[in-house]
């Protein structure tokens, strides 16, 4: 009886503490400028401290292609080159938050 109560207490506490839950993210190695996955898109589940990410590449000011998925290391940033901009976005607030 005491073991059952202890187990129940652990379950309740873990839900109250907001322990990380797996998050579903869009996954595609190449998304075209129209937002269509060209490489057979799917979804992935984050594990541990992973986040969903979205990388978009702009060439001469026009969206060219992108990449989306789950990543252990995701730092939101924009990298600039005279003709290319690479934009990284990270999210972990809702399922499928990395929509292209």
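Numbers here mean position along the shown chain, with the first residue as 1.
Here the Cβ of each residue, glycine as well, is placed from N, Cα and C on the backbone.
The candidates are 32, 60; Swiss-Prot tags 60 with the feature N-linked glycosylation site. Note on residue 90 (disulfide bond): other Cβ atoms within 10 Å of its Cβ, all shown chains, come to 17. Long-range C-beta contacts of residue 37 (disulfide bond), restricted to its own chain and to partners at least six residues apart, with a cutoff below 8 Å, comprise 28, 30, 31. Proximity note: of the listed recorded positions (60, 90, 97), 90, 97 have a CA within 10 Å of the CA of residue 52 (disulfide bond), given in sequence order. In three-state terms derived from DSSP, residue 97 (disulfide bond) belongs to neither a helical nor a strand segment and is classed as coil. Residues near residue 97 (disulfide bond) in space but far in sequence (CB under 8 A, at least 6 apart, same chain), listed by position: 23, 25, 52, 91.
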